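Enquirer: Dropping the structure in here first, questions after.
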Amino acid sequence: MTIQQRYQFIIDYFQEHAPNAETELIYDNPYQLLVAVILSAQCTDKRVNMTTPAIFARYPDPEALAKAEVDDVFQLIRSISYPNNKAKHLVGMAKMLVGQFHGQVPLTVDELVTLPGVGRKTANVITSVVDNQPNMAVDTHVFRVAARIGLTRNARTPLAAEKQLVSHFPEALIHKAHHWLILHGRYVCLARSPKCEECGVQPACLYFQKQLRAAKT
Ligand code: SF4
């Protein structure tokens, strides 16, 4: 199978089985999504979704969060990983939104990464989810699943993986492909024990084919 055929198989499979794949974070607007994505680093979406309603109720917009005490934000997010840093980042991010972006979430990667707590991965998530921009956020699930299937080859960093994925997926599907790979990694292609027996992309998966060959020898 050529790399193009592998990509085509993956596209056809997920178009059929996950045509409406989307983020599992719960949000109503770009500001809320940005808060949720910052909180989601090293943390599950489920836990973030349990935490954000209280934050959104108390700080409904960037202006309110910009005026918050870091300690008060910390109290609301203390069950989440790295609450100290994240509380500082959230308040700093809101101050910058108000001070430099008229209280609006900017929708370019270059502008987003200037905000506290926002790296390339977060900026890619925001721009692809809010605006369907062809940006691929590579988190641990995407990195692992893409490498196993063989969508990336010898990619040693998330940025290297991102470049390979973006160069092969059709531009119009990149924002969706991110969710395909994340959700597949979260529920099927698990880190420690991938559920290959029940996985629909077996025929296109290099990892599975290697396991099969090893079992026959
Ligand atoms: S066949 Fe196995 S390794 Fe390949 S994508 Fe599916 S679960 Fe992951």
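Yeah, the Cβs are placed from backbone N, Cα and C, and that goes for glycine too.
Just so you know, TrEMBL annotations are computer predictions that nobody has curated.
Given the structure is predicted, the values throughout are model-derived calculations rather than measurements.
Copied straight from TrEMBL:
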- Cys189, Cys196, Cys199, Cys205: [4Fe-4S] cluster binding site (BINDING)
- 39-187: domain 'HhH-GPD' (DOMAIN)
Enquirer: On a simple 10 Å Cβ count over all chains shown, which one of the binding-site residues Cys189, Cys196, Cys199 is most densely packed?
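Expert: For the binding-site residues Cys189, Cys196, Cys199, the Cβ with the most other Cβ atoms within 10 Å is Cys189.
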Enquirer: With the [4Fe-4S] cluster site defined by Cys189, Cys196, Cys199, Cys205, which remaining residues of that chain have Cβ atoms positioned within 8 Å of the Cβ centroid?
Expert: Arg148, Ile149, Val188, Pro194, Lys195, Val201, Gln202, Tyr207, Phe208
Enquirer: What is the number of other Cβ atoms found within 10 Å of the Cβ of Cys205 ([4Fe-4S] cluster binding site)?
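Expert: Result for Cys205 ([4Fe-4S] cluster binding site): 25 neighbouring Cβ atoms inside 10 Å.
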Enquirer: In the predicted model, what is the mean pLDDT computed over the domain 'HhH-GPD' (39-187)?
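Expert: Overall, the domain 'HhH-GPD' (39-187) comes to a mean pLDDT of 97.
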